[in-house]
Each structure stands twice: as C-alpha cells, then as structure tokens.
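A.B. asks: So TrEMBL lists the following for this protein:
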COILED    136-163  coiled coil
REGION    188-211  region 'Disordered'
COMPBIAS  189-204  compositional bias 'Low complexity'
DOMAIN    234-334  domain 'Rieske'
Amino acid sequence: MNVIATGALLNLPFSSFSRSSKLRVKKSNTWSGTYISVVDVELQGLKGQFKVFAVIGEEDEKKNAWGALFHVEDPRTKIPLHNKGKLFDVDQALEVARYDLQYFDWRARQDVLTIMLLHEKVVEVLNPLVREYKSIGTVKKELAELQKELEEAHRQVNISEARVSTALDKLAYMEELVNDNLLQDRTVTEVSQTSSSPSTSSDSVEIKKRRLPRRRLEVSGPVQPYPPHLKNFWYPVAFSSGLKDDTMIPIECFEEPWVIFRGKDGKPGCVQNTCAHRACPLHLGSVNEGRIQCPYHGWEFATDGKCEKMPSAQLRNVKLKSLPCFEKEGMIWVWPGTDPPTVTLPSLEPPSGFKVHAEIVMEIPIEHGLLLDNLLDLAHAPFTHTSTFAKGWSVPSLVKFLTPASGLQGYWDPYPIDMEFRPPCMVISTIGISKPGKLEGKSTKQCATHLHQLHVCLPSSKQKTRLLYRMSLDFAPLLTHIPFMQHLWRHFAKQVLDEDLRLVEGQQERMNNGDNVWNFPVPYDKLGVRYRLWRDALEREAKELPFNREN
C-alpha cells in the first residue's frame, strides 16, 4: 500500500499516535485498477482531524494473474550443447528448430511483460494524487523517459514477433520436406552455432529454402465408383458378441446388401441379402437350424449361399452369392474382392493389459474416406469437441504428428496420443489419460493409465459408412460389471460423433458440389495426407503402394 499524507501530518511526532487514537476509513471509487481511501485520523490531545490519502493498488493480484501467462521457464537452460560445424541428422535439426521456437516464444513473452510494466509506471506517474506533490517539470521528465523505454520495448516486441514467424516458417518447411520424402537421402544438415544459447537469426540452421511446387491433393466432386483393388482386403464387419446362433446382421458393403448369420457348426457366413426367388430381403426372415429362411415363401439358404429347402416346390440347384467369412479375436471378417483372399487375417486385439469395455456399431451418413480424414486428425479437437473429451483443452501454439519417413503410424505432439492408420479402413489409437485440459507435455509411455480405441470405417455406400468402435482400458476393470454401462459408453460416443458430423456433413455437401476438401494441407495433416496418398495409389493401380509396412 502506498500512503501519501499531508505535510502537516508527516511532521507530527510518532508519540502522538496512542492506542486511544481513532481511525475512520472511507473508500472511494476505483481508478485505473486502484482504489483510494481517505483515512480520518483523530489523535488524542490534538484538535481537528488530519486526512491521510492512501492509494491502495491491486499490484500483487495483477502480478499473480500475469504469472500464469508470463512465468515461463527460460528454455536456454535445457538446450543441449552443440559444436560449431557439427553435422546433424534430420531429427537433431528439427530439435534445434523447435528449441529456437521455444526460446523466441519465451523472449516475446518477456518483451510483452516489459511493456505492461512500463504501462503501469505511466499510470503511477499520471496518478492525480501523486501529481500534487511533483512539479510539472518532474512529471514531464519521467513521462519522456518512459516514452523512450516504451518505444524500445515495442521495437523489441516487433523483433521477437519476426523471429517467432521465421522460426515457425523454418520448422514448417523442414516438416514439409519430411512429408514429401525429400529428407530420406539427405541424412545430415550442417548447423553453425557460435554459442550454447539459442540461435537468434535465420542462419543458425543451414537450410537452403528453395521452395518447391506445393503438392496438391485433389479430393472433390461426387464420390466415384469404388476401385476393384479397394475390395481386395479383409474387412471387419461385425463384432462376434452381436451375432447369436438365432440372429442375423444385415450390412451394406461397397453398395451391395449382405446378411451375416451362423451356420449349423456355429461359424459365421455372409450371403447376399436378396432371396434368389423373388428378391425379398432375407434379413426380414429368421434363422432356423443354421439356415436363413426367407419370410416370403420360406426358402432356406446355408452359409455358403446354397438353397437347401424350397417348401411347396421341388428343390432345385439354386445358390446365392456369398463372401469368404471368418471369425477372429471377437470380430467377423469378410473378403469382398475378386482376388483370392490372403491366408492370414490381421490382428486388431487391444494391447496386453487392456480389457474391452465397449463395442459399438453405428451407421454414419458420411463417405468412409471423409470419416477416416476426420479420425486421423486430432488438431481439430480443441475447436470441435468443446463439450466432450476436449473440454478445457488449451490451443497449442504448434501441433505436430511425428512419424517415420515411410509409415502410417506415429504420435501426436503435444498430446499423449499414439495413432495408426491400418489399411484398408482402420484407425487405431492409444491415449494417455491425464487431467482434463492438462494433456500437454507427456507421451503415452509417461502416462499411468490409457484408453485404447479401434475405429473401423466400412464403405457401405458412396454416402454411408458402417462404423465399428471398440474401446479398451488398462484400468478400472470393475466398470465392465456395472449394468447398462454399455449404453452409457454409447451415449458418450454418440455425443462426440455428433460434434464431428455437423461439420463433415457440410464438407461432404461441398465436396459433391466440386470443392476440394484437401486444398491446403499443413504439417499436422501428415497422417491424413498419407492415407490419401495411399488410397490414390490404390485407385491408380500402382505397382507398389506407398507407406507399405513391409517396405
């Protein structure tokens, strides 16, 4: 508290203040973040009253509020020492660029803080109570000095902003080179540093910025017929838990109707969901002794599609189209392509230590490629999912997806999330569970508990996707025994999906009208871009698919 008193009071001896003295405080209105109190002091043995003007500021509270924004540790203490002329590999060069960015961000915060503190000094000089005890010349001199300091501080802020912009451009350019596979053969980058402190110019990392023509992705116009090669994969179409001996599951796959049911041996089969007699949908019927019965005239078909019963008629050699169908690790798979199916089925089991908590199936009115684009993108979370899982998330200054040069998997920075696109239509992710809004700064390995997710986007038709979602946890196993927990998980999943659908449906409408939904990719789009490059190569019937895990 700053106290300004009249000269008469300041000349009083301290012995005049006895315990019987009386003080009365009257608070006035606030002014520029301060409030002014008039303290009436009635001293024993003295006639009259003396007024003490106390200017009580909120300086401490302001500093505490600023602390959250400006109290950032100086990153120079964490920067590794590098020798001048040392050859760096790509990862080390990227590390240097990231340290540059951290330092410039810290420097810019300090510069802005300086301006705010100088502003407070100006407010103090212009305080009308203080001006009563300073000459006009003194006030002018103080203001002139502060004006010079402010001009220098603003100039420094402009420099810091330019440095941050340069560092961002440098980092984005290097990641662009990685995305375009231009750094595969260029394994070293020469770095020239004269000290252990962060670089303060664009010369710290010697990278020749020769801008290459930007790669474009063209995903526009109505969805074209599915290429035959996209069908030559094993596709998960249902969870085993949803198919009982006397039930069936109708599905659409590549714009054809199918129905799945269990045969006499308990193994699943997949046949065309259209009766060979009068084209009645078979899923409207029933399953009897391992055969699906048409509700129209009672014809019965086995899991291989062969008709085994024709009530009221002589049995003829009639067979429905069927697909290779197998069951593995709690999922039912089909092979819709014309090529011979591969011998082994992929494994989609959760990692060791995880227990499945929810298996959910939903029909989504979105083309499966657009849905995969959305699932492979985490940067949209703090803007789109503000009412669900990303509520309270801060918006990072930079979001990156770090991945091998030829891979479809990697991890997000700054989020503790590992993610993989598994051809032809699966997204697998492991999320490190932390406090809401406090995900930054930890990798999944550093988190004590995790959530594992599987999304399967089955191409039902050009405007519809069959989504299979499985959620597993490596903690809280007792939740699986709580009644109706599956319904609660489904409710949460639908809430998250609804936040996405209103946006992706708009994308789909504009895409069908000719807009390009991949017009300008940025570094955090890396995994989605690689999926689109993989799919484009598949549709072009390329001899070798990019990002092949076996390469």
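All residue numbers here begin at 1 and follow the chain in the order shown.
Glycine is no exception: its Cβ is also placed from the backbone N, Cα and C atoms.
Heads up, TrEMBL stuff is auto-annotated, nobody curated it.
Could you place these features in context, so I can see how deep they sit and what lies close by?
C.D. replies: Remote same-chain partners of the coiled coil (136-163), defined as residues 6 or more beyond its termini with a Cβ less than 8 Å from a stretch Cβ, comprise 104, 107-108, 111-112, 114-115, 118-119, 121-122, 125-126, 200.
Mean per-residue pLDDT, taken over the domain 'Rieske' (234-334), amounts to 97.
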A.B. asks: Pull the DSSP breakdown for the domain 'Rieske' (234-334) and write it out as helix, strand, coil residue counts.
C.D. replies: 6 helix, 46 strand, 49 coil
